[in-house]
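Novice: Sharing a structure with you now.
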Amino acid sequence: MNTAPSRPSPTRRDPYGFGDSRDSRRDRSPIRGSPRREPRDGRNGRDARDSRDIRDPRDLRDHRHSRDLRDHRDSRSVRDVRDVRDLRDFRDLRDSRDFRDQRDPMYDRYRDMRDSRDPMYRREGSYDRYLRMDDYCRRKDDSYFDRYRDSFDGRGPPGPESQSRAKERLKREERRREELYRQYFEEIQRRFDAERPVDCSVIVVNKQTKDYAESVGRKVRDLGMVVDLIFLNTEVSLSQALEDVSRGGSPFAIVITQQHQIHRSCTVNIMFGTPQEHRNMPQADAMVLVARNYERYKNECREKEREEIARQAAKMADEAILQERERGGPEEGVRGGHPPAIQSLINLLADNRYLTAEETDKIINYLRERKERLMRSSTDSLPGPISRQPLGATSGASLKTQPSSQPLQSGQVLPSATPTPSAPPTSQQELQAKILSLFNSGTVTANSSSASPSVAAGNTPNQNFSTAANSQPQQRSQASGNQPPSILGQGGSAQNMGPRPGAPSQGLFGQPSSRLAPASNMTSQRPVSSTGINFDNPSVQKALDTLIQSGPALSHLVSQTTAQMGQPQAPMGSYQRHY
């Protein structure tokens with residue numbers, strides 16, 4: 001039986017649809033991942049999704065919305081405020097506006113992007129204004145807030161009102177400086193013109209050539225120069241006259257003799273720069289030479305002179321502005337402003353805050369200088385102030401030694417020489433009379449104290465000293481009289497070495513030397529004498545100045561006093577006074 005060849009049955013259909021075949025070329029594609037086997041019904045038993053959700057199963061790990069188009073590898077939250085296009089790592093917590101490279105060696109990762117030192121950072125003006133107001137209200141209620149700290153460290157910018165006031169003050173000072181500069185420039189210019197030497201000196205050797213010399217002088221004056229005629233005497237030579245003219249500062253000198261008059265010529269001497277002498281020049285050529293060199297002289301020397309005048313005027317104007325700023329201008333009232341550093345210390349002192357010793361010394365020194373400046377300005381404004389400069393070292397030393405030696409001359413015990421209240425102000429005549437009577441009483445007490453028994457008891461070892469003290473210069477007595485009490489208190493050593501000038505010995509007034517040691521310091525205390533005259537009083541010092549400057553009578557009294565003190569019986573406390 002012939003049977004037909006059987007055909008093989010068709011192969012089982014591939015369960016993958018179109019495009020899902022196992023193509024090795026497409027399997028290795030980086031774009032398409034490895035194929036996944038899915039059931040025919042499109043649903044996996046372990047997949048609880050709806051069959052209509054066509055998303056990739058890998059997206060199930062990210063609980064995002066289906067419209068979230070970000071990369072599946074970006075695990076940032078939906079609520080992240082950063083831009084979707086920001087490709088930096090999500091662990092980077094920097095500000096999104098910070099585009100600085102972390103690989104930069106100068107990059108500071110701990111520095112805030114909003115730091116005010118960064119030029120990229122600009123704070124808004126309205127926010128800054130409200131912040132400053134809140135900060136001010138907060139700090140005003142703070143009991144520990146230092147309101148003087150931020151005022152001078154420059155951290156807070158000044159307000160618009162203070163800036164406008166500062167600009168107005170600067171403009172006012174600039175106008176005042178210009179005005180003062182013009183005034184000082186004109187004043188110095190007039191002084192320079194008055195002190196400027198003549199431009200040309202015409203030296204006339206013989207008086208017979210006076211008319212010719214005057215004609216030459218007129219031609220020189222027509223060139224714009226100041227001319228002076230000099231007629232030589234028989235005692236003065238021509239070379240000496242030329243030397244005097246050059247020393248006086250004249251740039252030109254023209255010599256006229258009889259030969260010059262005959263030949264209508266002259267000798268021109270140029271003194272400035274390199275000295276030149278042009279002998280027997282014709283008059284016309286001499287005028288051309290003088291005019292040319294005078295222009296050069298004006299260009300060189302007058303320009304330097306103008307610069308010097310401008311420099312002095314500017315310096316004087318600046319000094320005047322500084323003085324007005326310290327004193328305070330007429331629109332600022334009588335009191336001027338203090339320096340910022342001193343003003344802060346004064347404010348702290350006014351608020352009863354703590355100040356160190358150095359800060360207190362700064363305030364004291366500043367106030368002392370300000371007081372001296374005010375007193376100096378007030379004394380300069382007086383019509384006829386009495387100058388205390390003629391009082392040299394000798395008169396000042398005599399004033400120092402006089403009160404300290406007066407209780408010793410009066411023969412009183414030291415405890416009775418306590419300072420009394422200052423006498424009421426009297427007239428200058430009464431003060432002068434008191435001072436003169438004080439000198440007279442000094443001579444009387446010098447004679448009477450030598451006969452007192454208390455001094456006679458200890459006068460034996462001191463007679464040689466009195467003569468030696470009178471022969472010593474006054475500088476020695478001053479230096480020894482101002483010795484410290486630790487040296488003067490050594491009674492035994494002083495007595496063995498021999499008494500020194502100004503150091504009272506052990507037998508004086510019957511008291512030991514250790515008790516008299518503080519008496520040597522009375523030169524600096526300037527006590528009131530027994531006559532009631534306070535030598536610290538300015539009127540008393542003024543009367544003393546008048547007596548010292550005016551008088552033979554005072555010098556006569558002083559000579560009498562020193563003659564009485566030069567005797568061997570004079571006590572040790574009497575000093576020589578040299579005026």
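We count from 1, first residue shown onward.
Quick reminder: no glycine exception, Cβ is built from N, Cα and C everywhere.
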Novice: Of S151, S427, S471, which one does Swiss-Prot label phosphoserine?
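Specialist: Record lookup in Swiss-Prot returns phosphoserine for S151.
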Novice: Write down the residue from S126, S215, S539, S550 that Swiss-Prot flags as phosphoserine.
Specialist: S126
Novice: Scan S381, S410, S416, S524 for the residue that Swiss-Prot records as phosphoserine.
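Specialist: The phosphoserine feature in Swiss-Prot corresponds to S381.
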Novice: Could you give me three numbers for the compositional bias 'Basic and acidic residues' (164-173), the DSSP helix, strand and coil residue counts?
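Specialist: Split by secondary structure, the compositional bias 'Basic and acidic residues' (164-173) comes out as 10 helix, 0 strand, 0 coil.
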